[in-house]
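The feature domain 'Phosphoribulokinase/uridine kinase' is assigned by TrEMBL to 114-259. What TrEMBL lists as ATP binding site is GLY119, SER120, VAL121, ALA122, VAL123, GLY124, LYS125, SER126.
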Amino acid sequence: MGRVGGRHSPDALLRSRRARSNGGAFAAAGYMPSPYLELDREDWARLRRAHPLVLTDEDVARLTGLGESLNMSEIEEVYLPLSRLLSYYVEGTGHLHRITSNFLGDRPERTPFVIGVAGSVAVGKSTTARLLRELLARWPSTPRVELVTTDGFLFPNAELERRGLLHRKGFPESYDQRALLRFVAEVKAGSEEVRAPVYSHLSYDIVRDQEVVVHRPDVLIVEGLNVLQAPRMREDGRTGLAVSDFFDFSVYVDANVNHIRRWYVERFLQLRQTAFAKPESYFRRYAAMTDEEARDTAEVIWRTINEPNLMANVLTTRGRATLVLTKGPDHQVTRVRLRKL
Ligand SMILES: Nc1ncnc2c1ncn2[C@@H]1O[C@H](COP(=O)(O)OP(=O)(O)OP(=O)(O)O)[C@@H](O)[C@H]1O
Ligand SMILES: CC(C)(CO)[C@@H](O)C(=O)NCCC(=O)O
């Protein structure tokens, strides 16, 4: 005990730390340095003081239109600094692009900066994506931001039915993944005009004769459950490209599954008074349900479709995101993890 150079001496401790960081003995036990820098809510709020930012009245008016439950101080503390960080990434990526073009003797051409937003059904992906779109548009390097959801790349219901997948919406096989990949690749390549199909939650199907057209924006945000999924094995046994190979940045919106289930059920109950009640709604029969019937129906859809998909195909992609936003029970962001390696 206490012998210099013994098992518990400072030297030995240092050696064991080195072994850990060298991936020595501890590698065998599964130790791996985390690629993320982890900040709790207070750390992130402190960052904001170092980069003073305020929303103008005009910003507040636009953002309020995104949803009545949005909290402005949450937006100022969490999403506004995030949009600033992203605008720096856009500038940095543009710089790298110019250096590469100069090196190759090419004419530098700006291509859109592509951001993926992933996470469970009902976790708040589209709200996050819309907040980022509005906030990014404030910064000089990113005035033109376009937003596309991968819902448009679901196969039409007739095709899903033919494939026996009508009750698997959201699972990887329910999307036309080739079309989605081609769309993102073309936008990233700087094509003047790229078209994507449109899905309607009201008719529960792809809308014929409707499309979104993306015109070389400064930033494209691609939002969907599946945007961080690994490439699929091709028939010739090789792996192709994944959508995320074209991303410059990605955000995974995360929360405890019990909170997400509750948000899903609450939104379902609310939809009875709005979307489900419309004559053109595919789910008209839900509008007349009592609270209890609606709650049971939502729980069944959650348990049989959305939760199994979250566990098998969505949560498994979280470690590939550049940034993970973790939300508490009221949608408040409690933790931010940013890739540093
Ligand atoms: N930051 C937030 N603050 C308060 N409420 C929020 C926030 N983000 C989302 N919500 C609420 O949570 C619910 C789900 O949000 P949203 O529609 O953005 O989820 P989503 O992940 O895009 O869902 P889906 O995959 O089903 O389209 C909505 O009722 C929305 O109003
Ligand atoms: C369209 C998706 C997959 C994603 O937004 C989702 O909203 C959905 O419909 N999930 C399947 C549940 C159902 O079929 O009602």
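Placement of Cβ uses the backbone N, Cα and C atoms for every residue, glycine included.
Remember, TrEMBL labels are computer predictions, not curated facts.
Overlay of TrEMBL annotations on the structure.
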residue	record	CB count, 10 Å
GLY119	ATP binding site	30
SER120	ATP binding site	25
VAL121	ATP binding site	20
ALA122	ATP binding site	22
VAL123	ATP binding site	25
GLY124	ATP binding site	20
LYS125	ATP binding site	23
SER126	ATP binding site	20
Additional residues around ATP, ordered along the sequence, whose Cβ is within 8 Å of the centroid of GLY119, SER120, VAL121, ALA122, VAL123, GLY124, LYS125, SER126: LEU225, VAL253, ILE260
Stretch-averaged pLDDT - the domain 'Phosphoribulokinase/uridine kinase' (114-259): 95
Where the C-beta lies under 6 angstroms from ligand 2, the matching binding-site residues among GLY119, SER120, VAL121, LYS125: VAL121
